[in-house]
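Structure first, then comments.
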Amino acid sequence: MLRVVHLATCLMVLQCGLCQNTTQRPTVQDEVEASTDATLDLTGLFIVKVSAEQMRLFNRIKAIELTISDIANVFAIASNVAIMLIMQRHRTLSVPQVYMSALALCDFGVGVCAVYKSINDRTQCWPRLYRQICKYTYWTVFGFENSASMSAALIAMFLSIDRCIALRKPFRYHAWCKGRRAKVLSVVIITTNLIFSINYQFRLEVFDDISQDLTRYGMSQYTEFGRNQIYKKMFTIYEFLLRIAIPLIVMTISTTWTLILIRRQNALRRSLATEAKEVPKIKYLTSTVGVVVIFFITHLTRAIYLTDTLINGTKNRGTLITELINILGSFIARLNSIVNIFIYTIFDKEFRRMILELIYCRRPEPKPAVTQFSSVRGVLQK
């Protein structure tokens, strides 16, 4: 009996906050299976394989991670609001600016949802009135955060493809890539992922654990729909492909191709006997490469963890190393929401000037009139 109580306590701490604990109410079939298994699995998700000392270490690391994440999430909200305000200062948005605005909107959503979940985890969904709000919104907000993260990954992928096309096919670029099409594509991506995120509300539900007439913990359980292994596998594969696999593969290919094209152009320019004209610069190219590289670095650990989960299920869950990798991967991936403003500021002179204007509350400087010669020369810069 003491062993069961100890394991139950470990499980409640091990999950991502008391409101995010995922468990299942035992059924008759579960009780029969538990009685025949040599190893006790209280949740049906994974087996706890940590000692009391390891659990204390895990709790300290989790507390530090939660504090740092709160600071990062607040900064993500502020920085992405600044990016969206800067983009709105342009009279017309070019294709990369549309994607950058949509990317900032998605990262803003990630920050807001993460702050809301952190409040729930810190307050344990108290007081009672707030507990009711938490009960009906927790997994919905969790799904919104995942959808925003997936949308950000896909939009960053299309941004890298756009810059590759601008360099590979400069004269056909404006016929293929238009600002209106970029806006429609961004709206479709965000809307589709929002619709997908609704599945969390139907797969998981929050209920109160009542002990001695006192509601102590807000727990979660799988619904009948959530216990369906076919749908669970389908949602997991969909999220893994659109959040990690496809964006990483496509951005790696497009960015590598872009760098090869730049190298070829530079080599051709140096090989000319006469003075070669300077190759027109592709605007936001350096910023796009920086966004792709940072995305790859911040999502690599998370990709390895999700790949293992997709292949082995929960077989490797419950150990201290596995759970620490889970925390580290989630934390590093969340940092991707705050680094874009640094990339834009470092590599884009115009963005750096406009962010200083925003900080000091200055009006945008008037742009010079566009002549026919300057408009032809700036074709590739849009």
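Glycine is treated like the rest: Cβ placed from N, Cα and C.
Please treat TrEMBL annotations as automatic predictions, because they have not gone through curation.
On a predicted model such as this, the values are computed, not experimentally measured, just so you know.
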Segment assigned the feature transmembrane segment in TrEMBL (from 182-202, 350-370):
182-202
Pick from 95-117, 325-347: which range has transmembrane segment per TrEMBL?
325-347
Can you find at least 3 Cβ pairs under 8 Å between the transmembrane segment (282-305) and the transmembrane segment (139-161), where each pair is 6 or more residues apart in sequence?
yes
